[in-house]
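Asks: One structure, as structure tokens, below. Some questions next.
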Ligand SMILES: Nc1nc(=O)c2c([nH]1)NC[C@@H]1CN(c3ccc(C(=O)N[C@@H](CCC(=O)O)C(=O)O)cc3)C=[N+]21
């Protein structure tokens, strides 16, 4: 079994982004990403620090806007302001959002041209229609890993477990765009293991530690583990029971060091692309 090195893939993307960012600066544009943080959440705080660190390395300006106990209206007003600000090229609104506020609602206030984490329903619609757009960075990371690992997708059986708007659904659309035969599974799927066992590529994005085990995996399958579940000991585990699957899968993305770092690097790539446009 091969462990897929997400950090190495992220480093390769980061090197490309560094070059593009330098060219932008030479031509007088300071590539700028705005990160809106509407709630206090440990996982989000970690992701925001990681974005800041990564942006600094590639010389992208990162503007973190922290709101204290905002209403939905406070969030949309801030997103309207950032969308209208010509010095901002990319905008990400962190989840979770305040109680009663949905990403669909606030996402509609991110200019699609700056929507580097694909949160505007317009961006998702464009993705569904096969038009150029920014896919959510995590979904894009799934595809980027499969491409860099040269996994054949055309005609392949792919199972996506999870149907969220930020990962499962857009990942399924991106995979369809590569001519994969995509099955989307979720909490109501009957006999999940029977479906996932037929998959050459298994993408798991349910947000539950060790949800997928040995009896879910086809021998030799490529397993992409999107989960980042905090453990009581302060560590991080995926949605896949890696130890149980090790003997069966052909290759797997570890957690940490798999999809996560690639997600951050793609958010930055989307930002320089937006700055070039
Ligand atoms: N609008 C929005 N989009 C997101 O994509 C989004 C979000 N909100 N809110 C928070 C979650 C969390 N998230 C992570 C991204 C990378 C790592 C990551 O790189 N983790 C490291 C390890 C971290 C560690 O070791 O503690 C890794 O997997 O190797 C983790 C978590 C994106 N999120």
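In case you wondered, yes, glycine gets a Cβ from its N, Cα and C as well.
So TrEMBL lists these for the protein:
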- 4-117: domain 'Tetrahydrofolate dehydrogenase/cyclohydrolase catalytic' (DOMAIN)
- 136-276: domain 'Tetrahydrofolate dehydrogenase/cyclohydrolase NAD(P)-binding' (DOMAIN)
- 162, 163, 164, 228: NADP(+) binding site (BINDING)
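Can you walk me through where each of these features ends up in the structure?
Replies: Mean model confidence for the domain 'Tetrahydrofolate dehydrogenase/cyclohydrolase catalytic' (4-117) is a pLDDT of 96.
Helix, strand and coil content of the domain 'Tetrahydrofolate dehydrogenase/cyclohydrolase NAD(P)-binding' (136-276), in residues and according to DSSP, is 52 helix, 26 strand, 63 coil.
Shown in sequence order, 169, 172, 184, 186 are the residues of the chain, 6+ apart in sequence, with a C-beta less than 8 angstroms from the C-beta of residue 163 (NADP(+) binding site).
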Asks: Among 162, 163, 164, 228, which binding-site residues lie by ligand 1, judged by Cβ under 6 Å to any atom?
Replies: 228
Asks: Validating a neighbour-count step here. Other CB atoms within 10 A of the CB of residue 164 (NADP(+) binding site): how many?
Replies: 18
Asks: Taking the Cβ of residue 162 (NADP(+) binding site) as the centre, count every other Cβ atom within 10 Å, in any protein chain shown.
Replies: 24
Asks: Determine the C-alpha span of the NADP(+) site listed in the record, that is the greatest distance between any two of 162, 163, 164, 228, in Å to the nearest whole number.
Replies: 16
